Amino acid sequence: MTSRTARYKDDDLAGEPPSTADNAAPDDTTSVEKLFEAKPVPPWTKQLTVRAIFVSAVLAFAFTFIVMKLNLTTGIIPSLNVSAGLLGFFFVKTWSKVLAQTGLLRTPFTRQENTVIQTCVVAASGIAFSGGFGSYLFGMSSIIANQSPEAAAAADIKNPSLGWMIAFLFVVSFLGLFSVLPLRKIMIVDFRLTYPSGTATANLINGFHTPEGAELAKKQVSKLGRFFSMSFLWSFFQWFFTAGDDCGFSSFPTFGLQAYKNKFYFDFSATYVGVGMICPYIINVSLLIGGILSWGVMWPLIANKKGDWYDAKLKSSSLEGLQGYKVFIAIAMILGDGLYNFVKVLARTLSGLYKQCYKKDSDVGPTDDSSHGHPPSISYDDKRRTELFLKDQIPTWFSIAGYVIIAAISTITLPFIFHQLKWYYIIVIYIIAPALAFCNAFGCGLTDWSLASTYGKLAIFCIGAWAGSDGGGVLAGLAACGVMMNIVSTASDLMQDFKTGYMTLASPRSMFVSQVVGTAMGCIISPCVFWLFYKAFGNLGSPDSQYPAPYALVYRNMAILGVDGFSALPRYCLTLCCAFFVGAIVINLIRDMVGNKYARFIPIPMAMAIPFYIGSYFAIDMCLGSLILFIWEKVNKENAEAFGSAVASGLICGDGIWTLPSSIIALAGVKPPICMKFLSRATNAKVDAFLG
């Protein structure tokens, strides 16, 4: 999946880099910076306050729980930037108000400090995704290996342990920050890349710190708090009815028992109703279409071939049976979608680079307007922002030295953690990684689409095939995926944050330091939160678990394909995989050819693939969220635009935070008192007769 943490971002945002239109000077009456002209910009050391780090740590802990839950259930993670910015504003504003009343307030709360908090929180919680706890890292475990089509060798298994997970993240998570650091001026000032998410976050923070924006933010926080409480209490209430397997509201056969058996039901999850309100409509509809196509049509038809296409005696979890079709066809669609978007974004990146270089050459030529006494028009905002963005320089030698030193430490350390990952594999990755990090950061600036997971899959196949089955290729491929994914993911995240800092007058130095601090927090918090899940829920990662971690099995089987080829696939599975691989490419091509007007009615293959393995229950939740937002917009569009994200964030956060007390309760051995289970009439009669 793609994301700032794998999170879905619609390709419709894609566009060419801003050019002459961006250089036109707007009317100064609409200038953002003139509103803040009277407020001095604090030096970068004053933007990094103790309260900002403290609030960031608290929010990072909470957001990591939310991301981890989403990671281990479906892998769909919406952008939480709005929530981070809003809650950071609320907490520090409240803190400042209390201190002001006691006369102890010395430093006013600025938008630069707000930006530091948002950057730090998103960097920390982002490690819960890029750390691979729901994908490549957990895919190394024996729990996932036992679901693979063949018995895994000991060399291809590494079970989670808090020590090596923290060490691994510390040696791979910082390289991406240094790999693109010298390019910040080129990306932000010279090329003026859009970075839509970074721009949107900056506009949000700037709005908070105007009188009108502060009043709206206060109402948004109130709405978020109300729905947070409702979501948390609803999750607490549901817990009482989950004393056994398939018990509780999450197993409610909304559309009948047969539909429930085929994963069609509403599971009363506040989290995914909230996620549905944030994700674009086309994502939610694509998920539902994928669920209907797979669980409603394909799997029942293939199940009828039991004994012909695959052995009838196989366990339902065996990847040599029906489960194999579910997993490998989903992988084929994900790879087809990923390959198409990789080529498309790479083409746009190269095209954008060519245009920028051509434009730069033209600007110094004889036709340049400035040579005729007409300098290019630059707005007051751009002048002010560029001046301050270039004020606090970070030396290039610092970036290069940082990358080389951390790469050297990592090259020495990683083979001790994964002896299958040879030192020369790591050196090759680190030589190639800066170029891929630049491509990802540049492409993200054009399209708002990070291809971190795609680069990670590329590393799986290349390093896995290089190592081979005798050299522990499966584990080597998964570990290489983690190295590559962390580098390219943090690189694009850093540039997004530089764009936010550019538009809020936050210093590049404070942005970089907050990103480093947030990443360090994430390297400790994320493994600890995952460890809590791992110990509290004994069946974590199994297909019927509350937390099936679907992408862990997907990533492991990609590694197996890279090492062993297609020998383990069930009958006709390869043919179906090829068809769906090509189909994903064709659908994406059609979406791009018809334009945005009609593309919004064509499903997205990546989203369609997710229910193939885990079912449609969460898609129904998300479609309900879409329906709620759609009706709300029809009734009162202005109100929906102002408070929709706050309501959705409240639903996600309340249910997500409940996982902390529920994990502690599970570790303490406390069991729910009631099992609410639904039986057919015939089964119920047998149970009554037995009990009677």
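Any Cβ shown, glycine's included, is placed from N, Cα and C.
TrEMBL labels come from automatic prediction, so no person has curated them.
TrEMBL annotations:
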REGION    1-28  region 'Disordered'
TRANSMEM  48-70  transmembrane segment
TRANSMEM  76-95  transmembrane segment
TRANSMEM  116-144  transmembrane segment
TRANSMEM  164-183  transmembrane segment
TRANSMEM  281-302  transmembrane segment
TRANSMEM  322-343  transmembrane segment
TRANSMEM  394-417  transmembrane segment
TRANSMEM  423-442  transmembrane segment
TRANSMEM  449-467  transmembrane segment
TRANSMEM  569-590  transmembrane segment
TRANSMEM  610-632  transmembrane segment
TRANSMEM  644-670  transmembrane segment
Outside the transmembrane segment (116-144), six or more residues from its ends: residues with CB under 8 Å to it: 3-7, 47-49, 52-53, 55-57, 59-60, 63-64, 66-68, 71-72, 75, 77, 80-81, 84-85, 88, 92, 152, 156-160, 165, 168-169, 173, 201, 205, 452-453, 456, 460, 475, 478-479, 481-482, 485-486, 489-490, 493, 497, 500-501, 506, 510-511, 514-515, 517-519, 521-523, 525-527, 529-530, 540-542, 549, 551-556, 559
Selection from 76-95, 322-343, 423-442, the stretch that has most Cβ pairs under 8 A to the transmembrane segment (610-632): 322-343
Chain residues outside the transmembrane segment (164-183) and at least six past its termini with a C-beta under 8 angstroms from it: 127, 130-131, 137, 158, 394, 396, 398-400, 402-403, 406-407, 409-410, 413-414, 417, 430, 433-434, 437-438, 441, 482-483, 486-491, 493-495, 512, 515-516, 519-520, 522-524, 526-527, 530-531
Dominant neighbour of the transmembrane segment (322-343) in 76-95, 281-302, 449-467, 569-590, by Cβ pairs under 8 Å: 569-590
Most Cβ pairs under 8 Å with the transmembrane segment (423-442), selected from 48-70, 76-95, 394-417, 449-467, 569-590: 394-417
Considering the transmembrane segment (76-95), which listed stretch of 48-70, 449-467, 569-590, 644-670 counts the most C-beta pairs under 8 Å: 48-70
Long-range environment of the transmembrane segment (569-590) - Cβ separation under 8 angstroms, sequence gap at least 6: 149, 308-310, 320-321, 324-325, 328-329, 331-337, 339-341, 344, 602-606, 609
Tertiary contacts of the transmembrane segment (644-670), as residues 6+ beyond its ends and Cβ separation under 8 Å: 62, 65-66, 68-70, 78, 80, 82-83, 86, 220-221, 223-236, 239, 269-271, 273-275, 277-278, 532-533, 535-537, 625, 629, 632-633
